[in-house]
Amino acid sequence: MAAQVASGVGNLNLNSEGGAAAKNRPAQGSPENEARESDGEYDDDQGAPELGNTTAAKKKKKKTKKKKKCTSKVQTEPPRIILSSLFPNNQYPEGEIVEYQNENAYRTTNEEKRHLDRMNNDFLAEYRYAAEVHRQVRQYSQKAIKPGQTLTEIAEGIEESVRALTGHPGLEEGDNLRGGIAFPTGVNLNHCAAHYTPNAGNKMVLQYEDVMKVDFGVHINGRIVDSAFTIAFDPVYDNLLAAVKDATNTGIKQAGIDVRMSDIGAAIQEAMESYEVEIKGTSYPVKAIRNLNGHTIGRYEIHGGKNGKSVPIVKGGDQTKMEEGEVYAIETFGSTGRGYVRDDMETSHYAKIPDAPNVPLRLSSAKNLLNVITKNFGTLPFCRRYLDRLGQDKYLLGLNNLVANGIVDAYPPLCDVKGSYTAQFEHTILLRPNVKEIISRGDDY
């Protein structure tokens with residue numbers, strides 16, 4: 001989930017399939033569709049021409065069947081086909097593979113390290129499943145998101161696609177713990193950098209001049225893929241996006257086993273702050289947001305739990321090293337403002353604290369809500385819309401009580417100064433024993 005904090009236009013509905021014609025069209029590869037594709041043959045009892053007189057045997061025209069088209073399944077738009085049916089052998093695409101360099105170069109060919117890596121087949125299959133879901137959903141979303149849509153339409157369109165492709169609608173108790181959405185979809189506009197998703201009743205509409213960070217996660221059995229991108233329709237922001245994308249790729253390149261966090265942060269800051277952006281005749285240096293970090297990812301724990309590590313995006317600080325077997329979200333944030341974020345606006349993101357104290361709860365609403373959270377989300381982050389979707393109502397008092405008792409954490413939106421613009425790009429990387437895998441890498445970013 002995004003960041004870890006250091007200290008008149010027609011709507012394009014992401015949930016639609018292009019109108020009634022598309023809705024009634026038979027699915028590719030369906031029996032109905034295949035029957036239509038094998039047309040052009042005569043019925044034995046109809047339309048067969050006679051030769052000779054009436055006593056002669058009737059000759060029937062030979063059937064000429066068209067060859068059936070090879071209809072391998074492809075993903076729909078919007079994405080709605082469960083991914084396991086597109087990859088029936090559970091062989092999901094691997095991410096970008098990068099061999100270790102310098103003193104770790106031996107890992108690529110070392111037989112012991114290769115053996116350790118082969119022991120991680122289930123781990124890798126689950127991560128690659130989640131990563132391919134993320135790629136397919138985001139690549140459609142990048143085409144479909146347009147000015148004039150509400151933030152609720154955008155967020156829910158992405159979430160419905162994730163639920164469909166993982167095969168986990170999340171409405172039955174425990175279903176979302178097996179797979180699906182890893183944390184609320186962030187749709188963060190302009191000076192808001194992270195942790196914003198619409199609550200019920202939100203009417204905010206995406207405008208042409210907005211810069212929107214889209215941050216969403218997918219998990220399979222708690223293996224979380226966390227990746228984010230930024231959308232801007234006005235080319236005036238191109239340099240801002242380029243700066244942050246460059247910084248993220250620099251961080252990914254630097255990351256590896258035994259690499260110090262401080263060295264990664266210094267490289268990220270140098271790359272990002274070599275850019276500037278001109279807006280309405282004024283040049284702004286792109287600043288790394290110094291109190292936002294990348295982070296380790298644990299199973300069912302987006303920020304790595306109590307032993308989690310942070311990946312800074314500015315120089316100085318932590319001398320901790322990355323280690324073999326760790327999973328990281330490498331994310332960077334750039335801003336035309338101060339390069340520092342604060343809590344602002346209405347909270348929507350929450351998560352149960354993994355090692356929360358066993359506090360006696362006096363409010364029955366808090367007890368009941370904690371039971372719902374535990375059985376449906378565990379320690380995965382959730383938002384108010386997800387509670388609404390499960391049929392919960394009048395839960396705010398109980399939710400605030402859980403926060404006050406240190407059982408649930410609240411994650412308010414994180415914002416720079418109003419009038420500034422922020423951008424974000426993020427990937428999940430696996431530090432495998434013999435190679436580094438950028439698991440969420442795609443053709444888009």
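Cβ from N, Cα, C; glycine included.
It should be emphasised that the depicted structure is a prediction, and the values quoted were computed from it without experimental measurement.
Features as listed in Swiss-Prot:
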- His195, His303: substrate binding site (BINDING)
- Asp215, Asp226, Glu426: divalent metal cation 1 binding site (BINDING)
- Asp226, His295, Glu331, Glu426: divalent metal cation 2 binding site (BINDING)
- 57-71: compositional bias 'Basic residues' (COMPBIAS)
- 1-76: region 'Disordered' (REGION)
- Message: Return only the integer: C-alpha distance in Å from Glu331 (divalent metal cation 2 binding site) to His303 (substrate binding site).
- Response: 12
- Query: How big is the Cα-to-Cα gap, in Å, between His295 (divalent metal cation 2 binding site) and Asp226 (divalent metal cation 1 binding site)?
  - Reply: 10
- In angstrom units, rounded to an integer, how far apart are the Cα atoms of His195 (substrate binding site) and Asp226 (divalent metal cation 1 binding site)? 13
- Expressed to the nearest Å, what is the distance separating Asp226 (divalent metal cation 1 binding site) and His303 (substrate binding site) at their Cα atoms? 10
- Near the Cβ of His195 (substrate binding site), how many other Cβ atoms are there if near means within 10 Å? 29
- All chains considered, the count of other Cβ atoms within 10 Å of the Cβ of Asp226 (divalent metal cation 1 binding site) is 30
- Note on the structure: As a whole number of Å, the Cα atom of Asp215 (divalent metal cation 1 binding site) is distant from the Cα atom of His303 (substrate binding site) by 15
- Task: Taking only the Cα atoms, work out how far His303 (substrate binding site) lies from Glu426 (divalent metal cation 1 binding site), in Å, as a whole number.
- Result: 14
- Message: Can you tell me how many other Cβ atoms are located within 10 Å of the Cβ belonging to His295 (divalent metal cation 2 binding site)?
- Response: 24
- Within 10 Å of the Cβ of Asp215 (divalent metal cation 1 binding site), how many other Cβ atoms are there? 28
- Task: Report the member of Glu331, Glu426 (the binding-site residues) whose C-beta atom has the most other C-beta atoms within 10 angstroms.
- Result: Glu331
